[in-house]
Amino acid sequence: MNGTEGNNFYIPLSNRTGLARSPYEYPQYYLAEPWQFKLLAVYMFFLICLGFPINGLTLLVTAQHKKLRQPLNFILVNLAVAGTIMVCFGFTVTFYTAINGYFVLGPTGCAIEGFMATLGGEVALWSLVVLAVERYIVVCKPMGSFKFSASHAFAGCAFTWVMAMACAAPPLVGWSRYIPEGMQCSCGPDYYTLNPEYNNESYVLYMFICHFILPVTIIFFTYGRLVCTVKAAAAQQQESESTQKAEREVTRMVILMVLGFLIAWTPYATVAAWIFFNKGAAFSAQFMAVPAFFSKTSALYNPVIYVLLNKQFRNCMLTTLFCGKNPLGDDESSTVSTSKTEVSSVSPA
């Protein structure tokens, strides 16, 4: 055994060394040099300083500008809410624990932090799925003409929270558990142990299949079909400037959406899967810590991709930041509502 399992923790260091200590009671400087914990704290502070203003500004701008309160934008706001949850209840806790060098908030704090971080990440992921399905239905028209209404948007938002709770809540009630991971400064589901008391293996398989592989498959399928449909429409209207512009916008958005998600979450999912299928194998604290903390950057990717690339959102943000005047001089009233809505107009009849 190359790790030490204790009460609600697993340390990737054999107890034969005599160094392993509870991550709830002692600094974990035997796992990594103190400067690495300080560097981690600086990194989390950086994410907090960027993540909270970006997501908070998204919510503020939407509240101030009625023209942004359109059905499709509800999902974008849902992404900002998820990002805000991750920043407030995940990043701040990790910043505090990294400064101390161990999870000073104890098992209960670990469970809360792990739950909130998982909940925020899953809400964001399933929001992307809802956006993907909406685009597929509106543009590819598998159901004929379809108008995305406010009721559909609210149902989509509710769906994201139900699915996120279905993933994040089980460890709180005994199906698996949240424990410190990596450098023991943040918490996540228990991929590490075979503890039959918590049925860890069944939960991890459920989470990987239903809350990672399934949503990723849906996103790839729907956006793959979307790109093909837009390309076909563009080929039939070679002289249509709006169609060509829509094709470029869709292609750019698809690439950024897929890359943003894969860059943020695939390293973490891959390492977690390796640890799960190789229980007891030797690995360093940094081996899990690096992808775990890198995945947290997704709280920054989403508002940048889904809001800052949206011209109407961008203009409204500038108007809010500059006290009612847009320094770029763009006329908001003439701006197309969203690049996504613009794409709808090029779907084949």
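Using N, Cα and C of the backbone, Cβ positions are placed for all residues, glycine too.
Both Val104 and Lys311 carry topological domain labels in Swiss-Prot, but the labels differ, so the record puts them on opposite sides of the membrane. For Cys187, the disulfide partner named by Swiss-Prot from the candidate list Cys88, Cys110, Cys316, Cys323 is Cys110.
Scored on C-beta pairs under 8 angstroms, the neighbour of the transmembrane segment (153-176) with the top count among 114-133, 253-276, 285-309 is 114-133. Counting Cβ pairs under 8 Å that are 6 or more residues apart, the transmembrane segment (74-99) and the transmembrane segment (253-276) reach fewer than 3 and are not in contact. Taken together, the residues in the topological domain 'Cytoplasmic' (62-73) have a mean pLDDT of 84 on the 0 to 100 scale.
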